Each structure stands twice: as structure tokens, then as C-alpha cells.
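Once you've had a glance at the structure underneath, I'll fire off some questions.
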């Protein structure tokens, strides 16, 4: 029986692709969407604080601004929730590759993003009820609508769980080189800010600060991985 020799594949024809960078881009998307959601929702606040004591007047103000802003808030927070989970999964993989076997750092980092996603989804949940209540304001109870709006003004902004992620990145960067050292130093500052605000009556600000860190971290990992890829391909 005659057999044909197997042609060897030249080394230069083999393409080995490393992990993608989509997860880092997802971090940027999560930060931008979360920050935008908070900004849009902040614009729903009444100009006159005295209106807050009257649910009917408060809801009338929401009706004037339009249910469309409620829909925008819902969409932005849902996008932020989905994107931050993707970022957390990719970050966990990256940290696991650099940290010692069995380290808790990767899992802690991912857990923090899951907490943020949960609060974004649960906190924006009342948006559906509020949207239709504003569409049919004459048939809705303003006290219930105002109460649901208060939930939306609180829960989606509670990004204190991201302090776990930020501190994990700081540890991974400074102890194991899982990120540029400067990002580790910056992450220490953001850990204090996010964690401190989450423990104070100013926890809403933790969302803004956390969103900024997501953008910084996402862009950094994108640039770092891009530079490594260029070096390997040279």
C-alpha cells in the first residue's frame, strides 16, 4: 500500500491568535453608558426642591419632561449592566493569567462587576412601570409613581461593589504586573473614593467615580494589549 507523505505546514503559515480585546472595550462602554444614565436621570430632578413634598406636582414635572427620558435611562443602565459583566469576565481571565494559582484576586474582581450589574438591572427595573404611568398620568397614582422614581434615583447609582474590582486591579498591577503600575496606583485612589463614598450618605457619587474608572481601565487594557500585539508581530 502506497502512502503519500504529509506536507508539513511552514511555521510562518500558522496563525496563533491570543485572547481578544473586546472585554476591555466593554469596560469603556459600561463606564460611558453608566455615567450617561446617571446624567440623564439627574436632569429629571425638579428645579424647585419644594415640589418634592407634593407627589402630584412632582409627577407633573416628569410628565412635562417626557417618558422618553425614562426609557433612555432604562436603556443606558441595561447596556452598562451587560457590558460590565463582559468586562468583569475578561478582567478575571487576565488577572488569573498573572496572579498565582488559587489567588482570590480574579474572583474578587469579577464579583465586583456582578454587583454593579445587579444594581443596574434591579434599580432600573421600575422604569417600565414609571414609563407607562407617565404616559397615562391621569389614570395613575402619583404617590406610587413618585415612590418608584425614588427607587430609580437610588439603586442604579449604588456602584460601591466596584470597589472590590478596583482594589483587585490595584493588587494585581502592583504585586503581579497584571496591569501597568501607574494603573495600580490610580486604582488605589479610586478604591478609597468608591469605597469611601459607598459607606457615606454620598453613595450616589460612587457611581460617577466608578464609571470614570471603568473608562480609564478599559482604555488602558486596550492600549496595553495593543502594544503587546504590535511588539509580538514585529
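Cβ coordinates come from backbone N, Cα and C, glycine included.
Below are the features listed in TrEMBL for this protein:
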type: TRANSMEM; residues: 23-42; note: transmembrane segment
type: TRANSMEM; residues: 62-87; note: transmembrane segment
type: TRANSMEM; residues: 108-134; note: transmembrane segment
type: TRANSMEM; residues: 154-174; note: transmembrane segment
type: TRANSMEM; residues: 181-199; note: transmembrane segment
type: TRANSMEM; residues: 205-224; note: transmembrane segment
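Situate these features within the shown structure.
Long-range neighbours of the transmembrane segment (23-42) within the same chain, counting only residues 6 or more positions beyond its ends whose Cβ lies under 8 Å from a Cβ of the stretch, are 69, 72-73, 76-77, 79-80, 83-84, 86-87, 89-91, 93, 116, 120, 124, 152-153, 156-157, 159, 204, 207-208, 210-215, 217-219, 221-222, 225.
Beyond the transmembrane segment (62-87), the same-chain residues lying 6 or more positions past its ends with a Cβ under 8 Å from any Cβ of the stretch are 22-24, 26-27, 29-31, 33-34, 36-37, 40-41, 43-44, 113-114, 116-118, 120-121, 123-124, 127-128, 130-132, 134-135, 137, 145, 149, 152, 156, 211, 214, 218.
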